[in-house]
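Enquirer: Annotations for this protein, taken from Swiss-Prot, read as follows:
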ACT_SITE  101  active site, proton donor
ACT_SITE  172  active site, proton acceptor
BINDING   154, 267, 415  NAD(+) binding site
BINDING   243, 244, 267  divalent metal cation binding site
SITE      267  site 'Important for activity'
């Protein structure tokens with residue numbers, strides 16, 4: 001029986017119901033419910049449907065003139081009536097996605113302490129390191145199945161935001177529900193408050209976090225370890241998503257925990273999965289395979305290298321040797337292209353550094369090879385930006401790339417929009433409409449020579465909700481590399497451009513539920529094949545996905561005796 005059709009029995013009544021966002025219906029409580037739950041007189045006389053409530057809320061939403069105010073308004077609805085919030089967002093998903101998440105959520109993080117209104121999620125501060133179990137038990141969410149956790153050190157392209165980073169887990173989990181059908185009752189945002197090195201926050205009298213420089217080293221490692229163990233004790237089957245950890249911690253934490261717990265890092269693995277999925281769709285539209293491409297990255301941090309490793313894995317699966325695949329991937333950071341003789345390369349960068357012997361015949365060969373030099377010598381067919389540095393995909397670089405590649409694939413993925421390496425408008429004009437473009441933040445369509453080009457947003461929201469749904473439906477105990485690769489291929493299968501030869505590189509957000517279910521099935525199938533979940537038939541797996549898919553509809557309430 002569908003949960004939305006089954007009555008929910010509540011052991012409390014009166015104003016407490018109206019203060020519980022997971023339960024509150026506002027003006028939609030029926031006459032019978034108002035009598036049984038002592039709500040008569042606490043609400044206006046008229047009984048409304050959820051659509052009538054959503055219509056009023058949307059009218060109010062449209063009265064706000066700036067995006068941050070719209071974000072705050074929607075968060076207020078979320079904190080009072082979550083079912084209405086998700087119905088409203090789902091009714092206007094394309095319009096509201098940039099408001100509830102990037103780019104607007106970045107501003108909300110910067111102003112988190114100043115605009116703080118109501119508690120949501122858990123804040124686990126380092127001074128309370130010995131009481132983590134008690135803190136987890138204080139959560140109002142008892143059946144947690146998905147956790148998004150951050151320490152606030154690398155929030156989007158904005159750097160250290162301390163506890164202001166809580167806006168990211170809240171926003172990410174909103175997308176798990178809006179896009180992936182995960183019940184909000186199963187979600188929990190968590191911020192690990194380990195201090196901040198942001199002097200503006202330390203000096204701000206309104207800052208609500210632990211006013212202390214960030215801990216590091218062994219103290220930090222032991223604190224995160226205590227957190228992970230406590231979460232596993234409290235919710236042993238929960239999926240944990242690491243979010244916006246600094247480069248120095250992101251990869252080590254992922255390597256430490258990915259084989260111990262059901263977890264993944266969205267900045268590294270989610271970004272890689274959606275990028276590979278988008279590239280597979282772009283390659284199909286261009287009539288090629290990924291293994292035939294030469295790829296240049298601007299940005300060689302954990303996110304960029306994570307994408308590069310996923311690309312290498314996909315190229316190998318298409319039939320070329322790993323050594324050859326690595327020769328076709330060129331990583332550029334602030335010091336130039338990564339080369340094997342460079343000192344101080346991080347472990348995850350070393351495998352992606354080019355062998356100096358292979359590039360000695362390049363023009364302008366030196367210790368510091370610029371992005372333009374890489375474009376002129378390596379002649380890449382794909383250019384990916386994850387640098388967080390705006391404007392570095394210059395007209396000279398894009399035109400140099402286009403001179404040797406008829407249909408260049410250009411992905412300036414940095415967030416927010418103020419950090420993008422080049423705008424889609426510039427890229428398409430510089431290439432006379434020939435480039436295949438996807439961005440990390442939303443952009444309006446671009447018109448070149450009377451042709452309108454839809455700009456795909458290479459947003460992780462196409463991937464992680466489906467991964468979460470697949471993990472829940474299958475009961476998977478791990479998130480493996482093969483499961484992530486399956487999500488990429490499933491996303492590519494949904495591309496309008498690769499299917500029809502026209503339209504956007506990625507599906508419309510209005511189709512996100514269908515896309516998430518398709519990805520969930522692919523992810524769950526691989527989880528079963530690898531032994532991370534119990535075997536089941538395709539039919540039962542599809543049914544499990546449907547059964548786990550929550551919709552924003554009010555349930556009937558019955559009162560228990562008390």
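Using the three backbone atoms N, Cα and C, a Cβ is placed for every residue, glycine included.
Since the structure is predicted, the reported quantities are computational estimates derived from the model, not experimental observations.
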Enquirer: Relative to the Cα of residue 172 (active site, proton acceptor), which of the binding-site residues 154, 244, 267, 415 have a Cα no more than 10 Å away?
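Expert: Within 10 Å Cα-Cα: none.
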Enquirer: Quick check for the class: what is the C-alpha distance, in angstrom and rounded, between residue 267 (NAD(+) binding site) and residue 244 (divalent metal cation binding site)?
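Expert: That separation, Cα to Cα, works out to 7 Å.
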Enquirer: For residue 101 (active site, proton donor), identify the closest of the binding-site residues 154, 243, 244, 415, judging by Cα separation.
Expert: 415
Enquirer: From the Cα of residue 244 (divalent metal cation binding site) across to the Cα of residue 154 (NAD(+) binding site), what is the distance in angstrom?
Expert: 5
Enquirer: Quick check: with 154, 267, 415 left out, which same-chain residues have Cβ atoms within 8 Å of the centroid of the NAD(+) site Cβ atoms?
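Expert: Here the nearby residues are 155, 156, 157, 244, 303.
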Enquirer: Would you kindly give the Cα-Cα distance separating residue 415 (NAD(+) binding site) and residue 243 (divalent metal cation binding site), rounded to the nearest Å?
Expert: 14
Enquirer: Take the mean position of the Cβ atoms of 243, 244, 267, the recorded divalent metal cation site. Which other residues of that chain put their Cβ within 8 Å of it?
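Expert: So the additional residues around the site are 150, 154, 155, 168, 242, 245, 250, 265, 266.
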Enquirer: Any idea what DSSP makes of residue 172 (active site, proton acceptor), helix, strand or coil?
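Expert: Its secondary structure by DSSP: helix.
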Enquirer: Rounded to a whole angstrom, what is the C-alpha distance between residue 244 (divalent metal cation binding site) and residue 415 (NAD(+) binding site)?
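Expert: Between the alpha carbons of residue 244 (divalent metal cation binding site) and residue 415 (NAD(+) binding site) there are 12 Å.
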Enquirer: Enumerate same-chain residues with a sequence separation of six or more from residue 415 (NAD(+) binding site) and a Cβ-Cβ distance below 8 A; give 'none' if the list is empty.
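Expert: Correct list: 102, 103, 106, 156, 157, 440, 441.
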Enquirer: Take the Cβ of residue 267 (NAD(+) binding site) and count every other Cβ within 10 Å, whichever protein chain it belongs to.
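Expert: Step by step: centre on the Cβ of residue 267 (NAD(+) binding site), count other Cβ atoms within 10 Å, giving 26.
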Enquirer: Please compare the binding-site residues 243, 244 by how many other CB atoms fall within 10 Å of each one's CB, and tell me which has the fewest.
Expert: 244
